[in-house]
């Protein structure tokens, strides 16, 4: 009798904790029963109601879910002999960023441990890295990716991606997350690890807050197309001027400038910009132009290079799939198919294996 009473009290405590958390954090009220169920269907059921976040996203997530039920199922997957990786994939691979943060909060409240740290101890390798990056909030994820790129002294293309592809508000959130996590500003760490023109370009990009809108100045596009031609192509103009243009103008204005360049010179500004002998600055300059001009084509090339490489570049592959699944991975996949005549999921499935493969395919909206 005492045991039944204690169990009842514990269940009630868990229910109260979850209701309190969700009423504080959720945009809409959740009704949670003693068992933590929102509906009769369980997340493992093939019939759970699905919706994609946007027409360009590949992530498939339930329109309703119980964070408590998910937290309990994840906890169960950690217990016993070995970890139930399939359960981790089935839950986290089908949850939006908002739903994942709810699960993290509820899990910690119930079990008094950090879900991220528990996952790190339960799973390994590329699968663990992908799940870790997926479960973080986007700004925090980008902060981690930026720090890894800075500390490694290479992959400055990751910094350029983070600085040029998100909106100004999203970039500001990344800078806040970086400061909170590392107790240094992103620009401070970049400046400490780079020199010369590379430092000017990268610090300028991460500290930029660009105008977002459709206004363009055709005369400015004409003039700055020539500035970029002289500096970037002819290497006789001022790199400082090219950096000023690329770090301050709106994306709309820059695309107009790149288009004007093509009209004047009959070729894309990014064509033959880098070769085997290019230094880090020239590579970063090239990435800046390509990511601003068409980030779908840019990501397609990142994935293509990652797959093509001798020994797949799992870091690059993970970065693109994890960061774009909720945004525009469907469009990146279409561009990939158009360029390579192979479905992206087939190309990825051929190169990787195991739980890592299952997880990436789930984020692509394709079950293994």
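Glycine too: its Cβ is placed from the backbone N, Cα and C atoms.
As annotated by TrEMBL, Ca(2+) binding site applies to 78, 80, 82, 122, 307, 309, 311, 349, 351. For residue 311 (Ca(2+) binding site), the number of other Cβ atoms no farther than 10 Å from its own Cβ, over all displayed protein chains, is 6.
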Revision key, fill the gap. Note: among binding-site residues 78, 82, 307, 351, least Cβ-dense neighbourhood at 10 Å is 82
